[in-house]
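These features come from Swiss-Prot:
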type    : residues            : note
BINDING : G70, G71, R92, N197 : substrate binding site
SITE    : K35                 : site 'Transition state stabilizer'
SITE    : K257                : site 'Transition state stabilizer'
Amino acid sequence: MTISDRHADAAEQARIVALALPYLRRYAGATIVVKYGGHAMGEESLAEEFGRDIALLKQVGINPVVVHGGGPQINAMLKRLAIQSTFVDGLRVTDAAMVEVVEMVLAGTVNKMVAGLINRAGALAVGICGKDGGLIRARKLTRTRRDPEGAIERALDLGFVGEPEHVDVRVIHALTGAGLIPVVAPVGVGADGATYNINADTVAGAIAGALGANRLLMLTDVAGVLDRNGKLIPDLSIAEVEALRADGTISGGMIPKVETCIEAVRQGVKGATIVDGRVPHACLLELFTEGGIGTLIHA
């Protein structure tokens, strides 16, 4: 590489930093909740980049809070233990034996792995779960299914599958106030002391709402909300999301994701974005470029 080539590369790097400056100012001191999972967690290079990106957010004055999933890791452990899984509407039926495995994997193996990614990048992350500091009080999640023989709705027992009933963010504030990055496993505790497995998207949205976060970033394995031609829709109001649901444009697995985003916005989050976690540096591209790379849902 010639001296002129090096100068050109340096100039391009300086230009990129300069372009990011308005966004760095916009988010200075902001709280950003990031739901981390899917392909972004499973591929080593993306995982390492994620850790560096979260560390960078902290370095430039943003307060990131990470909530992670761990479905593939749970599946692998259950397979090793020869425990069969049953799913209802995408939710894992979780009995007493299985919830112990779920907690071990989510609050143990995966939680410490994610915190480790960030720590190796030079920041200080602390792994916790919803049971710690009374962060998430859960209640049993109920589902019903219509009897095919008639019009009767039958209750389904999902076992120890829960949903947030109350979120107490004092432990989050304590950690961020000490300069630490909270990494939260989606396990909560009921009023009866029982442990509940909770969907990570739901936990991320509930924590973002309780914090009044500036942004919720949902890292997924899709580009965002797509129109009928498969083109990314970069920006949607809640009313526009509801219209796209009604006409079938938003369907399938995207429905619970947009529902989480809508609920977070209604609780006070300024914007919730569905972002393609398969894209390297997805968090930085979403926050520090004009228009971002995902679908922003707002009031």
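Placed from the backbone N, Cα and C atoms, the Cβ positions cover glycine too.
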Checklist entry - When you tally the Cβ atoms that lie within 10 Å of each candidate's Cβ, which of the recorded positions (K35, R92) has the highest tally? => result K35
Checklist entry - K257 (site 'Transition state stabilizer'): which of the recorded positions K35, G70, G71, R92, N197 is the nearest Cα neighbour? => result K35
Item to check | Cβ contacts of G70 (substrate binding site) (under 8 Å, same chain, 6 or more positions away) | outcome: G37, M41, V105, L106, T109, V110, A185, A200
Next on the checklist: I need the least crowded one of these recorded positions (G71, N197, K257), counting other C-beta atoms within 10 angstroms of each C-beta.
Outcome noted: G71
Checklist entry - Taking the center of the Cβ atoms of G70, G71, R92, N197 at the recorded substrate site, which other residues in this chain have a Cβ no more than 8 Å from that point? => result G69, I74, V102, V105, L106, P186, A200
Checklist entry - How many Å separate the Cα atoms of N197 (substrate binding site) and K35 (site 'Transition state stabilizer')? => result 16
Item to check | Helix, strand or coil at N197 (substrate binding site) [DSSP, three-state] | outcome: strand
Item to check | Largest CA-to-CA spread of substrate binders G70, G71, R92, N197, angstrom | outcome: 12
